[in-house]
Amino acid sequence: MSGDGEDELCRNALALVNELCFSVRGNHNNEKCIEFSYLLRDRDRTRHIETDISVSLLSVIVTFCGIVLLGVSLFVSWKLCWIPWRDKGLNPQRRDSQHHPHQHLHHHHSHFTDLTVERVDCGPEMPERSYLDLESYPESGIKLSQTSPDIPVDTSSGSKENNIPNAHSQQQVSAPPPATRFNSLPRPIPQQLSSPEFGTQADEKVEQVTSIGQIKPELYKQRSIDTEAKKHQKVNCGRINFMLRYTYTTEQLVVKILKALDLPAKDANGFSDPYVKIYLLPDRKKKFQTKVHRKTLNPIFNETFQFNVPFNELQNRKLHFSVYDFDRFSRHDLIGQVVLDNLLEFSDFSEDTTIWRDILEATSEKADLGEINFSLCYLPTAGRLTITIIKATNLKAMDLTGFSDPYVKASLICDERRLKKRKTSIKKNTLNPVYNEALVFDIPNENMEHVNVIIAVMDYDCIGHNEVIGMCRVGNATDGPGREHWNEMLANPRKPIEQWHQLIEEKVMNSYMTKSFAAGTGATKPVTIVVESPHSV
């Protein structure tokens with residue numbers, strides 16, 4: 001049985017016994033009933049006492065909390081009100097005591113005839129020289145600054161001939177604090193003034209200086225030379241180790257990138273995510289790229305690449321290495337580069353030749369995003385534009401594996417609006433995808449002059465947003481290869497016109513389109529090319 005039930009049963013039993021004892025006549029004098037009545041009174045008295053104790057304990061707690069809150073409020077008010085008021089009351093006296101000498105000094109600057117100098121008893125009584133009294137230093141020169149020459153003071157002519165007070169010159173003198181600071185007051189050095197060399201030096205300075213503030217070219221010549229030397233000096237950004245071998249039978253140049261050492265840190269964690277791009281100059285038709293190595297400054301690659309180069313062209317070819325730092329959500333940072341020329345010298349080695357080269361810092365390099373090859377074909381009678389995406393080469397690596405998952409998206413733009421979009425399939429883990437896929441748009445013949453097409457190469461990501469690798473544009477309102485390709489298509493209807501296009505960055509295209517539209521280029525109404533952001537896919 002629960003506690004509440006037992007209490008209720010006890011109350012009922014007590015009420016019943018009370019009724020039996022005092023309701024029936026003759027039981028008032030019964031000893032048992034009288035004893036029971038005393039027990040009831042004691043029980044009620046105990047209950048009242050417990051109630052009083054609980055009430056008194058609660059009042060004590062409330063009183064204590066009130067006292068604590070009162071003390072905290074008094075302490076806070078003392079901190080906020082009393083201390084600032086006390087400091088405010090004491091500040092005027094401190095300011096008067098601290099700044100009185102300076103105020104006295106500035107007060108007398110406008111009245112130079114009333115300038116007084118305090119004296120110090122240091123043995124025999126000697127006149128104390130004021131730091132504003134130039135006549136006390138008849139043979140010394142005025143020092144305007146650390147770089148300006150010393151100007152001797154002419155006591156005879158002085159400032160009387162020019163009607164200029166001495167105080168104007170004195171304000172420019174690099175002087176120490178006033179005369180009240182006895183120990184810090186500079187004194188003329190007798191040895192320097194009395195030495196025979198001092199007079200000759202002063203005469204030379206008088207001949208060299210013709211006016212105050214004259215610039216000495218020799219002071220800045222050395223700095224300019226150092227600056228030019230720093231500009232021409234290239235910073236070493238580590239070293240790279242690779243092997244070369246030329247096979248005469250197949251006319252192939254075999255390059256094996258072994259490792260790199262002491263690369264600079266490009267990330268906030270003190271490391272880099274390096275990879276190497278390699279290609280032959282000057283055409284750059286074929287480019288290779290190593291895998292990305294995470295969080296290291298001494299990557300080990302051990303990757304081999306082959307270039308088909310005839311033997312008679314080795315002398316005019318150069319091998320170009322570019323070391324990059326991989327960034328997932330921004331442009332890759334160029335760490336440095338190495339150019340190996342005169343490859344004919346290394347063709348004499350039939351076996352692998354290990355070569356070490358210093359990686360030199362490169363200030364900037366044009367973004368190499370790759371190229372795309374597609375054809376345009378328009379049928380005027382059907383009003384149909386067919387864009388055949390053939391392939392892309394040398395795309396930028398967007399994944400840590402050193403590859404990308406590219407697909408191509410074509411957007412049809414007219415009057416600042418995207419009308420339609422088409423896209424190809426996704427090619428996994430490649431930088432040279434081959435598509436051969438046709439993207440068809442229905443465009444009336446009269447609207448061909450008002451449309452543009454954006455070709456964007458995207459990198460597909462399973463998790464997150466797809467990113468733009470690079471893009472190009474074709475249409476009547478474009479410039480360069482895009483406009484030439486479009487005009488050639490219109491001049492040759494029902495015939496596919498194939499052409500290669502260089503991919504550019506999204507921000508570069510947007511800035512160029514903004515400038516061209518502001519200048520009003522193009523024969524037709526300017527059409528804003530809206531490049532679809534990867535966040536909208």
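Cβ from N, Cα, C; glycine included.
On a predicted model such as this, the values are computed, not experimentally measured, just so you know.
Quick look at what Swiss-Prot lists:
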| type | residues | note |
| --- | --- | --- |
| TOPO_DOM | 1-52 | topological domain 'Vesicular' |
| TRANSMEM | 53-78 | transmembrane segment |
| COMPBIAS | 100-110 | compositional bias 'Basic residues' |
| COMPBIAS | 143-174 | compositional bias 'Polar residues' |
| DOMAIN | 236-357 | domain 'C2 1' |
| BINDING | Asp267, Asp325, Asp327, Asp333 | Ca(2+) 2 binding site |
| BINDING | Asp267, Asp273, Asp325, Phe326, Asp327 | Ca(2+) 1 binding site |
| BINDING | Asp327, Ser330, Asp333 | Ca(2+) 3 binding site |
| BINDING | Asp399, Asp405, Asp459, Asp461 | Ca(2+) 4 binding site |
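Sequence features annotated in Swiss-Prot and their locations in the structure.
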| residue | record | Cβ neighbours (10 Å) |
| --- | --- | --- |
| Asp267 | Ca(2+) 2 binding site | 13 |
| Asp273 | Ca(2+) 1 binding site | 20 |
| Asp325 | Ca(2+) 2 binding site | 19 |
| Phe326 | Ca(2+) 1 binding site | 21 |
| Asp327 | Ca(2+) 2 binding site | 13 |
| Asp333 | Ca(2+) 2 binding site | 16 |
| Asp399 | Ca(2+) 4 binding site | 15 |
| Asp405 | Ca(2+) 4 binding site | 19 |
| Asp459 | Ca(2+) 4 binding site | 21 |
| Asp461 | Ca(2+) 4 binding site | 15 |
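Taking CA atoms as the reference points, Asp327 (Ca(2+) 2 binding site) and Asp405 (Ca(2+) 4 binding site) are 16 Å apart. Asp325 (Ca(2+) 2 binding site) has Asp273 nearby among the binding-site residues Asp273, Asp399, Asp405, Asp459, Asp461, counting only those with a Cα within 10 angstroms of its own Cα. Classification of Asp459 (Ca(2+) 4 binding site) by DSSP places it within a strand. The two recorded residues, Asp273 (Ca(2+) 1 binding site) and Asp267 (Ca(2+) 2 binding site), have Cα atoms 8 Å apart.
Rounded to the nearest whole angstrom, the C-alpha distance between Phe326 (Ca(2+) 1 binding site) and Asp399 (Ca(2+) 4 binding site) is 9. The domain 'C2 1' (236-357): residue composition by secondary structure is 10 helix, 63 strand, 49 coil, according to DSSP. When pLDDT is averaged over the domain 'C2 1' (236-357), the result is 86.
Within 8 Å of the Cβ centroid of the Ca(2+) 4 site, not counting the listed residues Asp399, Asp405, Asp459, Asp461, the chain contributes Met398, Ser404, Pro406, Tyr460, Asn466, Glu467. Note: the Ca(2+) 1 site is recorded as Asp267, Asp273, Asp325, Phe326, Asp327; in the same chain, Lys266, Ser272, Pro274, Val292, Tyr324, Arg328, His332, Asp333 also have Cβ atoms within 8 Å of that site's Cβ centroid. Looking at Asp399 (Ca(2+) 4 binding site) and Asp267 (Ca(2+) 2 binding site), their Cα atoms lie 17 Å from each other.
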